[in-house]
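Here's what Swiss-Prot has on this protein:
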- 24-44: transmembrane segment (TRANSMEM)
- 46-66: transmembrane segment (TRANSMEM)
- 71-91: transmembrane segment (TRANSMEM)
- 121-141: transmembrane segment (TRANSMEM)
- 209-229: transmembrane segment (TRANSMEM)
- 247-267: transmembrane segment (TRANSMEM)
- 296-316: transmembrane segment (TRANSMEM)
- 446-466: transmembrane segment (TRANSMEM)
Amino acid sequence: MANLAALLRLPGNFKDTQWQILAGPILILMILSMMVLPLPPFILDLLFTFNIALSIMVLLVAMFTQRTLDFAAFPTILLFSTLLRLSLNVASTRIILMDGHTGAAAAGRVVEAFGHFLVGGNFAIGIVVFVILVIINFMVITKGAGRIAEVGARFVLDGMPGKQMAIDADLNAGLIGEDEAKKRRSDVTQEADFYGSMDGASKFVRGDAVAGLLIMVINVVGGLLVGVLQHNMAVGHAAETYTLLTIGDGLVAQIPALVISTAAGVIVTRVSTDQDVGQQMVTQLFNNPRVMVLSAAVLGLLGMVPGMPNFVFLLFTAALLALAWRLRGKQSQQPTAAEAPVIQDQQQATEATWSDVQLEDPLGMEVGYRLIPMVDFQQNGELLGRIRSIRKKFAQEMGYLPPVVHIRDNLELPPASYRILMKGVEIGSGEAHPGRWLAINPGNAVGTLPGEATQDPAFGLAAVWIESALREQAQIQGFTVVEASTVVATHLNHLISQYASDLFGRQETQQLLDRVSQEMPKLTEDFIPGVVTLTTLHKVLQNLLMERVSIRDMRTIIETLAEHAPNQTDPYELTAVVRVALGRSIAQQWFPGTGEIQVIGLDAALERLLLQALQGGSGLEPGLADRLLEQSRQALQRQEMLGAPPVLLVNHALRALLARFLRRSLPQMVVLSNLEIGDNRQIRMTSTIGVA
């Protein structure tokens, strides 16, 4: 065994599970050996029994599988099982023709049992049963499963672009991480591969059914010729012997084939849920007492027709009525959602206390009553999990944990509306319709969709609320399709990023310092208040967040402040030196890699005017300010057409002035100074803002 492992380049200390890699080659060798080598009857019995056991196992796995991809190996198993049955037919045909004249046990006990016991030793009945099984397998199960697999493969392939865009939208919104996005993309690809493989694998099963019919005819004709001409058997005796053996061989192969085909039909017709096929069938067939009562009434009427087997019909009528009564009793025991707690009247008003003072939450959300299931943990509301993912992703990217989102219902809002509050003030609102999907036009969608026209609440893109049945069509037309909870979560994520500096308070500053102290205690020792005050540090970090600069690199921030704070106390000046120290990461944020960067620049004449205005403290002339704003807007549009980041590169002395000036009118514009760009970067001006 050690030599075999070394020859196959396998580890010598194999565990049991490591032998699984040899299952495929061993099965192929077994199939080839059955086709070439003559096998004794006992080995044939073992292989026929193994084939039956394999088919039953495959059917049960298909029944208990909850997702199609949980049994992604099924097309390959279908191929191997088909080859196994055909090789068994070849081996059994060989032994029937060679030793069939010796009696019914020539091909083994399994073939004899199927030929005698299952059809009563009557070859005419056996032929009829065999043909019926082949027709069921070939014309009904296999043909239907193949058609479903073909249509499923077509729809899965057509819907792949939309699914990929939906995954990218969730990733960009922070609803999922990179690992989860990779897993979902892999699932989409595997699903397309699976249905494509099933479309082809179904042809193997249909071919197997045809081969079974041909093999039966060949066995009967060949057996007659061999028995009469070579073994001098009577024609009637030869026909009976070889036909029974052939029927037994055909049945013992076709019954597993029928089971495997049924498993294929179960796999391609199931809907992916958290329940297996049996649970879906039971819960959906037997969950309505009225259906049971009506079915019992029909059976009862049939049972009273003269000449009918009254006992059987009335027995099932009673069983259905009993089942309906039991289901009705279970449903009546479930508490209704309308039950409300009884409020006791207060005879005397209690004195007000400080606990009656309601403090405003840093971040809150109010929802209408139709959106309550989305935020109700007991009703498996998806929005709660998405909000947790948003906060975690934001903390990983920006460097601090945003406040908890306090969610409450508001009956004064429209039923499908929500609004997002920061310190009690509304900063965003929108609508979401559970059970429907928002089809967002990213700019390249084709055609229109029936539904309620609206706008994406996060980015203002044109969108339509559509029914679930139109989801695949919308994805094919190029729309980004997201569910209601994703719409709300994306809007919340956008607002948290937009108001990151406002949500960062002194408490978050202290918590961040405590976190840094755990990792680098020497760095923060005597830093507060020895070097800077907590207020100054908070203001510096807030200034960075206001311009979308991550504060994850607290080591660099603290070291820079420790170096410059003794000589400078102005938070804005300290922010400028910290930005220079963080220049590499700031540039990397907008220009990944180390190559050329495409930026907007300032005309030299305009730069001189701005420097003079800054030094003189006179401010910008109204006309100059308007021209600067208009040209900045045009340059921003050119950057967008080029696919370049909206970055304006200016002199270090002008950066803070222009950033404050452009922030209100062009919040998407990012202003960087020349000192924040490393020497290893090549700068190319795509647009120039001048005074003309």
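Note: Cβ is positioned from N, Cα and C throughout, glycine not excepted.
Sequence-remote contacts of a segment are chain residues at least 6 beyond its ends whose Cβ falls under 8 Å from one of its Cβ atoms, and for the transmembrane segment (71-91) they are 24, 27, 30-32, 34-35, 38-39, 44, 47-48, 51, 54-55, 58, 61-62, 65, 190, 194, 197-198, 200-201, 204-205, 207-208, 211-212, 215, 249, 253, 256-257, 260, 263-264, 267. The list of residues near the transmembrane segment (296-316) in space but at least 6 beyond its ends in sequence, with Cβ under 8 angstroms from a Cβ of it, reads 324. Long-range contacts of the transmembrane segment (121-141) within the same chain: residues 115, 205-206, 209-210, 212-213, 216, 239-240, 243-244, 247-248, 250-251, 254-255, 257-258, 261-262, 264-265, each at least 6 residues beyond the stretch ends and with a Cβ under 8 Å from a Cβ of the stretch.
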